[in-house]
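Everything below concerns the one structure shown next.
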C-alpha cells in the first residue's frame, strides 16, 4: 500500500478488506455490553453476586476503557498501532475465556476489568489505523462511517444474539463471543494491516502522567454515574472534585513535560477542539434521552430487556444507514452545516418525545427514536474531523481523545439529564404513593420508577395498579422535562457548530487554515512500516 502520509492516494483492495477486520472488534465491544445485560440475572444467581457486585460487573468494564483510552492512544503512537491492537486483542480473548468460566463474582469483576483495559487498546488503535490506511479524505470519511456503523450494528444485533445464546447455552457463552473475533484479528491483522508509529517520540511513557490521567478520568466517570443513581450525595461530589483537581495537575504537567502523555497543543486547533466539544455535548444529549427511552420500554410498557432491545433495533438500523450516507453528503455540503442539520433533526425528535404519554405512547416513542437516529447520523463526521485535524503521527492520541470525549458525554448526559428526570419524579411522587403502601416500600417507590415497579410486584393487583399509575405519570413528566432541556441544548449546539466550524470545507476540498496551532513545519515525520506480505 501507499505509505507516504503526505499523499492522498486512493485505497486498494487490501485497505478495504483491512477495514472489515478493524470493524470486527468495534462491533464486538458494543455487542459485549448489550449481551451482558441479558446475561446478568443468570450469572448473578449462579455466582451469588449481590447488588453491589452486579453493579461492578457491569460498570468496571466501561470505567477501565474510559480511564485507559488516553494512555493506550499515546502508547500506540509510540510502539506501533498494529502491535498495540494485536496485543490488546490477545489480552481481550484470554480475559473473555477466563470470564466465561469465572467461579466467583470477584473473579468475574477482575476479568471484566482486564477486558476493559484491553478494550481501551482496540478503539483508538482501529481509528488511528483507519486514518493511516485511508489518506484520501473522501475515502477516510466513508471508512470512519463504516467503522462507527459497526458499533451501531453491535447494539442492534446484541439483544437477538444474546437472547439466542442464553436460550440454548449457559451465561458464560456471552463472553465467548469475543474469542473467534479476536482470533481472526490476530491471524488477519499482520497480513492486512500496516504498522505505523511516531518515530519522533521516545517509546518510554511518563508513568506519573499515566497515573494522573487515571486519577482524573476514573473519579469523574464514577462521580457522574453515581450522580445519576443517587443524586447530589457527598461521595459522587467528592469524586468529581478529586478528578477535576487531578485533571488540572495532569494538564499542567503535559504543558511543561519534555515527554508528555498528551500533546495539549492539539487543543489549539479550532477544528479539533470544536469537534471534540460537539461530540461530548451531543453525546450527553443522546445518552440522557436514550436512557429514558430504555427505561420507558421496560418500566412503563413492562417489556423484558430482550423485548426492549428488539424494539430499539429499527432505530439502530436507521442510525447505521444515516451514518453511511452522511460522508456522501459532506462531499457537497460543509461538515458544519451537516452537523448543525443533525442537531436540528434531534431537536425534532425531542419535541416528539414531549407527546409521549404514560398510556399508549409506544408508537410515538419508536417514531421519535427513529427520527433521533437520523439526527445522530452526522456524528459520524466528528471522529473524522478530530483525526483529520491532528498531525498523522498524533492520530492515536487524537482517536483516544475522540473516544474519551464520547465516554464523558454519555456519562455526563446520564448524570445531568437523568438527574433532572429523577428530581421531577421524586417531587411528584412525594405525595402520590397510596396510603395503604407500607412505609419502607413507599420510600423505595418514591426513589425511582424501577423501585416502584419492584415494589408493585409484591402488592395485591389493585394496590399495585394504584401505585404504578402515578409512578408512570411522574416518570413521563420527567421524560418530558428532559426532552425539553435536550431540545434547547441541541438547538444551541446547532448554532455553535454552524458558526465555529464553517471554515471547514466539504470533504476532499482543500482549503488553507492559517490559524491552526500546529503548522506543517512543526510536524515530525511519522515512520510507517509496510504490512506483512
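Every residue gets a Cβ built from N, Cα and C, even glycine.
The transmembrane segment annotation in TrEMBL covers 16-40, 60-77, 84-103, 109-130, 142-162, 168-193, 205-224, 230-251, 272-297, 337-356, 408-425, 482-501 (among others). Annotation comment: TrEMBL describes 18-463 as domain 'Major facilitator superfamily (MFS) profile'. Annotated region 'Disordered' per TrEMBL: 506-533, in sequence order. Taken from TrEMBL, the feature compositional bias 'Acidic residues' covers 510-524.
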Report summary line: Tertiary contacts of the transmembrane segment (84-103), defined by C-beta under 8 angstroms and 6+ residue spacing from its ends, are 25, 47, 72, 75-76, 111-112, 114-115, 117-122, 125-126, 129, 172-179, 182-183, 185-186, 189-190, 193
Query raised in the report: Who are the long-range neighbours of the transmembrane segment (109-130) in its own chain, taking Cβ under 8 Å and residues 6 or more past its ends?
Result: 18-19, 22-23, 25-26, 29, 32, 53, 56-57, 60-69, 71-73, 75-77, 81-82, 84-85, 87-89, 91-92, 95-96, 98-99, 102, 140, 143-144, 147, 193-194, 196, 383, 387, 395-400, 402-403
Query raised in the report: Other than its close neighbours in sequence, what residues sit by the transmembrane segment (482-501), given a CB gap under 8 Å and a spacing of at least six beyond its ends?
Result: 270-271, 274-275, 278, 281-282, 284-285, 288-289, 292, 334-337, 339-341, 343-344, 346-347, 350-351, 353-354, 375, 385, 417-418, 420-421
Query - Non-local residues, at least 6 beyond the ends, that sit with Cβ under 8 Å of the transmembrane segment (205-224) - result: 62-63, 66-68, 70-71, 74-75, 78, 235-240, 242-244, 246-247, 249-250, 253-254, 257, 259-262, 404, 407-408, 411-412, 414-415
Query - Overall pLDDT of the domain 'Major facilitator superfamily (MFS) profile' (18-463), taken as the mean - result: 81
